[in-house]
Every structure is written in structure tokens, then in C-alpha cells.
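Engineer: Supplied in C-alpha cells, the structure appears directly below.
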Amino acid sequence: MKKIAVIGSLSTDFVVTTNIIPEQGETVVGKEFATFYGGKGANQAIATSRSGIETYMVGAVGDDNFGENLLSNLIHNHIDTSMVKVVKDMSSGVAIIQVHQGDNRIVIVEGSNGKNEIADIDNHSDLLKEMDLFVIQNEIPVEVIEYVIEFAHQAGIPTLYNPAPIKAINPELLNKVSYITPNEHEFEALFTNQSLEEALAMHPNKLVVTLGSKGAVYHDGKQVVLVEQEPVDNVVDTTGAGDTFNGYFASGILKGLSIEEAIKLGNRAAGLAIQKKGAQNGIPKIDEV
């Protein structure tokens, strides 16, 4: 079976659903409160695992109850946690999520996610070299992200880089990743001096820009291709849409699908994910997609 290592964040999401978005200095009465497992790394790992790929998580949790629960959740989802470290005297990462009419605003407190280190990659280098694909995001320190890209490049392992949330990394390293999957806002931050069409043409079959409800776009070497998202009538929570897309897109690539077919798979999975509350609750299993 193909193996994926997801290097990234693990967090607990505290979600407030509200009918009114408060202005600065204003207090409003919310509608609902719930706690969910999250972190872009963990979300994407669960997506790849539920898609049927053997998945390994690389990350850090604090020595608190949240950390214990985050590890238990990964294990429950059949994810190898041997490369997740527990950081003493440190809180686990959290995200405060405000949901309004199906859309979300998120504030992240990195906690133990900020304690991911280059040494963690070196300590597990033998196991990591057995992987068929690396998946990384931007919720861990930049120096670790850059080191992982270089490590994978030297080891000849393809890398999917999801540049979310926006962080500045060495732009030369983008030449060493196999797939880049920003959304529209992340694309504009990453490719500041290029139009969408220009950037896609310069990175054919590599740069995939997600467009929310419109789908995703890439360049097939001849032309720009828009892979449309099927309409979703019952949008409940878009929090985990991007992570679900990335996990299933990565899975599709490893299963030998073309980029277009892998995008279609990611779109279908994301369309299902947004019909339930919580970043991970809605991530479908492969037989549902």
C-alpha cells in the first residue's frame, strides 16, 4: 500500500455559530458552541486515511488533555502517530472559529505546533524515506517547512505543498515541490507579480488553485483547465473543505489518477465535507465519494 506522511499541525477547534457578526467592541449572543478536532495537518491526514491511503502524522501536541485527545483521535482514524511528539509544559494548539451562514473566520493559537523542529525530521529520517508522498502546510515553523521540502527533494519523494495559512518561504523552494495547492488569497500572496494565467502556465500540472464553490484550476501543458465543483445545496460549515480537497487530491495522485481526475476526486470529497459541522466530522470515507 502507498504511504503518505503529513507534516503539520494538530489543534482543537472551538466553534461558535452565530447569526450576527460582532463589530469591534460589540458583544452579541451566539447560536451554538461546539468543540471539534482540527489543525490543517490532522485534517489532511484524516482525509488521506479515510481515502484508503496508509497515513503517518508528523507533528507535536502539548502534555494536556487536548493533546491526549488529539492523539487518540488520530489512532481512531487509523493514522500512525509514532512521529507525533508530546511537548512538556506546553499547551496544544487551538483554533477559535466563528461560523456565520456557513462561512468561517478563524484565529489560531499555535501552542505545541510551534515546537515542531528540524531535529524531528532527522530523528525519523529512516521511516520518512519509506514514504511515497509528503503533504505539508503552513501551520508549523517556516524553517521546518523549508527543511521538509529540501529533505523530500534530496530523498526523491514527491511533495504536495498547501501554503495555508499565508507565510513567506524561500520562493526557490517552490521549484522543489511537486504540487502547490493555494486558494485564491494564498495564490495572490505567493505569486505577487503574476496573473493567475501566467503562473499556471509557468507551473503546468503542478500549480492547482482552488476556487471555493467554483472548483479548481490548473494548466495541463496546453491550456488552463477549470475543473468545476458540483453544486452543493446544503452548505453547513466550510471549515474543512480545503483540507479535505488536499487529502483526497493527494490520495488520487498516489492512486495513479491524472491531475484532472484527482481534482475531481478532491472536489467531490470537499463537497460532501461542507455538509456537516466540524473540520473533520464531514470528511467522507472513500466509499462515500
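Along the chain as shown, residues are numbered 1 onward.
Using the three backbone atoms N, Cα and C, a Cβ is placed for every residue, glycine included.
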Engineer: Given that TrEMBL assigns Thr210, Leu211, Gly212, Ser213, Lys214, Gly215, Gly242, Asp243, Asn267 to the ATP site, pick the one from Asn183, Asn193, Asn281 that the record assigns to that site as well.
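Structural biologist: The candidate from Asn183, Asn193, Asn281 that TrEMBL ties to ATP along with Thr210, Leu211, Gly212, Ser213, Lys214, Gly215, Gly242, Asp243, Asn267 is Asn183.
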Engineer: If TrEMBL says Ser11, Thr12, Asp13, Gly39, Lys40, Gly41, Ala42, Asn43, Asp243 bind substrate, which of Glu139, Glu143, Glu146 does it name for the same site?
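Structural biologist: Candidate in the recorded substrate site: Glu139.
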Engineer: Within a 10 Å radius around the Cβ, which one of these binding-site residues has the most neighbouring Cβ atoms: Lys40, Lys276?
Structural biologist: Lys40
Engineer: What binding-site residues among Leu211, Ser213, Asp237, Ala273, Lys276, Gly278 are found with a C-alpha within 10 angstroms of that of Asp13 (substrate binding site)?
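Structural biologist: Cα within 10 Å of Asp13 (substrate binding site): Gly278.
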Engineer: Please classify the secondary structure at Ala42 (substrate binding site) using three-state DSSP.
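Structural biologist: The residue in question, Ala42 (substrate binding site), is helix (DSSP, three-state).
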